[in-house]
Amino acid sequence: MEKDVVSLQDALEHGLTAEEFQKIQEILGRIPNSTELGIFSAMWSEHCSYKNSVLKLKTLPTSSDKLLAKAGEENAGAMDIGDGLAVVFKIESHNHPTAVEPYQGAATGVGGIMRDIFTMGARPIVSLNSLRFGNPDEPRNKYLLSRAVKGIGDYGNSLGIAVSGGELFIDECFSKNPLVNAMTVGIVRHDQMASATTGGQVGNAVYIVGATTGRDGIHGASFASKDLSKESESKRSAVQVGDPFMEKLLMEASLEAIQKGLLIGIQDMGAAGISCATSEMSAKGKTGMKIDLDLVPFRETGMNAYEVMLSESQERMLVVPKKGKESELVSIFEKWNLNAVRIGEVTADGFIEIYMGGKLKAHIPAESLVLGGGAPRYERETKRPSYLDAVKTWKPNSILDITPGANTKDVLLNILSSWNVCSRKPITEQYDSEVGLVKLIGPGLDGGLSSIPDTNKALATATDCNSRYTYLDPYKGAQFAVCEAARNVYVTGATPYGVTNNLNFANPYIPENYYMFSECIRGMGDACRFLGLPVTGGNVSFYNESPEGPIFPTPTIGMVGILQDKKKFLSNFPKEVGIELAVLGNFRPSLGGSEYLKKIHGQVNGSIPEIDIKEELELCKLILSLNEKGALKSARDLSLGGIGIALSKTILFSGLGIDAELIAFKQSRLDLTLFGESSTTVLVGFDSSWKEKIREQTEEKGLKFYPVGKTTSSELLKLKDIGVEVSFSELNGPYEKGLEVVFAL
């Protein structure tokens, strides 16, 4: 055994605590060497071990009769969708790498989540991304956003995977710490699902396949587990470098090997690289592995064991083939011009045994390294932030109301131009949403809807979180995120199936931050339980803060749903003249946390909209029932920007006009009526012959029917009772120009 003895100071510099260093010595029965310390530091980092979050995550609902792979069991969640098929999906972050090197940081985030899907045997069919950036008027933020979007587009387009949707949210708190959350969804037959395990098959060979190994990404896992600082800019070596064309070859070769039944197990080498893949596969299979690092294909010379074990070079997999299938495995990967090299074997003793240069470099129990095994687990101290009570003292009468006529029109156009409302075309046009011929409802609308190849089914997808809401009220804000994601799925006509989450928070050792995290988990869990939605997995990203302060808490919700008959999909907007419009649900608007309050008055304040999850469930059932009966022509979520923005976007997407009267929506203030935001509300379109039946069925559910008006051929938004008339061109100008400056050549 190599004995370059390390000290407590070395451990602290690797991000371990004194207590953790002591625990490592107890596990090994000795002081670790430098390679072993590096392995423990990566595997016990927040990024890999979830040590400060796993106890909270265990409170989330994870049960469903449709589940095929529960949270934490595999690389991604898997759910039965009928006919022998499963949907496989997951969301993950690449926040800190994007802050340092936005193009590669965002691109490799896409690559990593793609590998999580196809290592399970599923072919990715759509991807989404949820982005948070600072004000693009500032040059650095503009650079980060534009380069991140290009990285996402270039990588995904090269793989040939359609983008079905996503979201962008802009706020100053994300200036030094942007968020890039990437989600991928794939489809697989039940009998072709793969697992990240050795399968207990002692003596089987272990192969590394795909790209060569270099020094890129070393310390990537630990880099993602620290606060961003002024020195972070120098940590570019911790950012991985991606090759999407290599990933495409790796995907095809891996899927071919899986479909031909050659493999016992397969694992992506993402965070912590070989360290993670060997330990996780071994622990799951209750075995060990003996690995010779001299056999690893290198792209750089002079790498030592520490560097090889911690390298996060992209587009690599660790596979355990079935005995007798090794040559066939190698032939497949060689056909795709990829490496497939035997580097070791599965052992019975449960230890990860690493050799290089003929010397034993590491000897560690696999179970001691992994989440759910020997990795530490903590529940941190919480303290309710004092500002949460202060913001609730804000009253709408502290700001001037808008007045009917020109003032209202000006405010409407101003909100339409805001970063969080305006057109996403400058972003979505960089993504290929048509590849694979699966798009039914594309990016830029409430939720995406894509055909599932060779079936009559369609897949609905959405990502959602209003970061201002969770900042103002973490419990209700997280509930709102779950409900809005579900709403954006069911307005396509699809039934919500399951949730994946990306929990973006600040330093968990600060009690106020951990309180926000805990409350968001509680809110998310309560909402998912009531809606009957299992949480199938996801990602936790702590330490999202800079010297200027923490980000807003952002528990991004990824949602999938299934429409059994894709011919019954619902449009986001009406397509004919004379269609009746109404809002179904319970309109309880609030200006607290609204886009109006931020854009027009420069404030993030107040109480966020009330939310009743029982009503949300009833509204979901109502929309799905009405659609099944053929009663609806369109449906869209009513949230950011209120009824005023929802009607404006309906005109912009349909090219029609709307004659509306908002008497049924009238509140004590005009700004509250037009721009107040509400949960549990959907704007629907229908033929007039259905009006009374829809009203009756809505009221039977304990919900309300709010008549709006009709579509016209005028291309005008007429709010008759408010005295506002706005043309398509007047709406379109500010809406389209909002993000153009960011992506202008």
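Note that Cβ sites are derived from N, Cα and C of the backbone, with glycine treated the same way.
Database features, via Swiss-Prot:
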- His47: active site (ACT_SITE)
- Tyr50, Lys90, Asn501, Gly538: ATP binding site (BINDING)
- Glu92, Asn539: Mg(2+) 1 binding site (BINDING)
- Ser93, His94, Asn95, His96, Arg115, Gln240, Glu312, Ser313, Gln314, Ser541: substrate binding site (BINDING)
- His94: active site, proton acceptor (ACT_SITE)
- Asp116, Asp268: Mg(2+) 2 binding site (BINDING)
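In sequence order, the recorded positions near Gln314 (substrate binding site) (Cα within 10 Å of its Cα) amount to none of Tyr50, His94, Asp116, Gly538, Asn539. Of the residues the record lists as binding ATP, namely Tyr50, Lys90, Asn501, Gly538, the two whose Cα atoms sit farthest apart are 16 Å from each other.
A strand conformation is recorded for Gly538 (ATP binding site) in the three-state DSSP classification. Burial estimate for the binding-site residues (Ser93, Asn95, Asp116, Glu312, Gln314): highest at Glu312, by number of other CB atoms within 10 Å. Of all Cβ atoms in the shown protein chains, 32 besides its own fall within 10 Å of the Cβ of His94 (active site, proton acceptor). Using a 10 Å Cα-Cα cut-off from Gly538 (ATP binding site), the recorded positions that qualify among His47, Glu92, Ser93, His94, Asn95, Asp116 are Glu92, Ser93. Asn539 (Mg(2+) 1 binding site) is 6 Å away from Asn501 (ATP binding site) when you measure Cα to Cα. Local packing around the binding-site residues Glu92, Asp268 was summarised as the count of other Cβ atoms within 10 Å of each Cβ; on this measure the leading residue is Asp268. Checking each of the binding-site residues Tyr50, Lys90, Asn95, Glu312, Asn539 against Asp116 (Mg(2+) 2 binding site) by C-alpha distance, the shortest gap belongs to Lys90. A 10 Å cutoff on Cβ-Cβ distances gives Tyr50 (ATP binding site) a total of 21 other Cβ atoms nearby, all chains included. In this structure, the C-alpha atom of Arg115 (substrate binding site) lies 11 angstrom from that of Lys90 (ATP binding site). In terms of C-alpha distance, the listed recorded positions His47, Asp268, Asn539 place Asn539 closest to Ser93 (substrate binding site). In this structure, of the binding-site residues Asn501, Asn539, the smallest number of CB atoms within 10 A of the CB marks Asn539. Note on proximity: of the recorded positions His47, Tyr50, Asp268, Glu312, the one nearest Glu92 (Mg(2+) 1 binding site) is His47, by Cα distance. Looking only at the recorded positions His94, Asn95, Asp268, Asn539, the one with its C-alpha closest to the residue listed as 'active site' is Asn539. When secondary structure is read from DSSP and collapsed to three states, Ser93 (substrate binding site) falls in the strand class.
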